[in-house]
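Visitor: Among the features that Swiss-Prot reports, ATP binding site is placed at D6, I7, G8, N9, T10, N11, I12, T13, T138. Residues or ranges marked as substrate binding site by Swiss-Prot on the basis of sequence analysis: G113, A114, D115, R116, T190. What Swiss-Prot lists as active site, proton acceptor is D115, and the listing cites sequence analysis. For D135, the entry in Swiss-Prot reads K(+) binding site.
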Amino acid sequence: MFLALDIGNTNITVGLFAMKDKKVLPEPLKVWIMSTVKERTFDEYATLLMNMLFYDGFDAKQLSNFAVASVVPSLNAVFEELIKKYFGEKTFFVNSKNCGGLVFAAGNSKETGADRIANVVAAYSVYGDSCIVIDFGTATTFDCINSEGIYIGGAIAPGPSISARLLNLKTEQLPRVEVKKPLKSIGLTTVECMQSGLYFGYTGLVKELIARIKNEMKIKHIIATGGLAGLMFDEIEEIEIILPYLTLSGVRIVWEKVI
């Protein structure tokens, strides 16, 4: 079996894939999510992983291939050691060199996050045409690939959860609130006002960036992924579809192309 890991700043998404004739099947058998905690040791992460496998009826001994897209460099060695110690295997890391042949138009490709690489590789694999991939995570990333499969670049904005947290941390009177769609834009309470600003202000940000990107290049498809994609989907009509496991799929595809 094949294990793909998307190590983000808030969560680590783990996808288990079956293999047949040395090829990874496209749909994950199971997906788990664990919190990203930089202080955890590889033994602690291994315990979590083994427990998830065990309780869902999977045999850890059947795992033989591992690939990681990480935007938390401090955890790379942790998972590399985990996989080496508990499974006796090497870890494949998605990066600008291990990118499955993705061509970068310009700029410093070394700075492009592994999750962003995985996202555009997966999107182009699905559509074979120009796309914007919007990943609603800790940060919200916009990544553009053209009809020739060349990665053009994109934009990065703070995610709504970060904005909500900072409003609470950097002020004395504003509470910490859940990011949710309010019933109307004019709030009556402080919480309602904050939720209006966070939700409608944020969806406005996304719509504006989509419009500006479309003014600069031809776009056929707009895809969303990430933890808050479902919350934003109804308000942003430009988004065509949500693909919740896009990053894991990209990790799988890159691994197959390189290995």
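Including glycine, each Cβ sits where the backbone N, Cα and C put it.
Distances, neighbours, how buried they are, the whole picture for these features please.
Guide: For T138 (ATP binding site), the Cβ neighbour count at a 10 Å cut-off comes to 19, with all displayed protein chains included.
Following the DSSP three-state reduction, the secondary structure of R116 (substrate binding site) is helix. Over all protein chains present, the Cβ of R116 (substrate binding site) has 24 other Cβ atoms lying within 10 Å.
Around D115 (substrate binding site), the C-beta neighbours below 8 angstroms that are at least 6 residues distant in the chain are D6, G8, A69, V71, D135, G137, T141, T247.
Secondary structure at D135 (K(+) binding site), as computed by DSSP, is strand.
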Visitor: Between T138 (ATP binding site) and R116 (substrate binding site), what is the CA-CA distance rounded to a whole number of Å?
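Guide: If we compare the Cα positions of T138 (ATP binding site) and R116 (substrate binding site), the gap is 13 Å.
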Visitor: How many Å separate the Cα atoms of T10 (ATP binding site) and T190 (substrate binding site)?
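Guide: Cα to Cα, T10 (ATP binding site) and T190 (substrate binding site) are separated by 26 Å.
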Visitor: Provide the three-state secondary structure of T10 (ATP binding site) computed with DSSP.
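Guide: Looking at the DSSP assignment, T10 (ATP binding site) belongs to neither helix nor strand, so coil.
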Visitor: Cα-Cα, whole number of Å: A114 (substrate binding site) versus I12 (ATP binding site)?
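Guide: Answer for this pair: 13 Å between alpha carbons.
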Visitor: How big is the gap, in Å, between the Cα of R116 (substrate binding site) and that of I12 (ATP binding site), rounded to a whole number?
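Guide: Rounded to the nearest whole number, the Cα-Cα distance is 15 Å.
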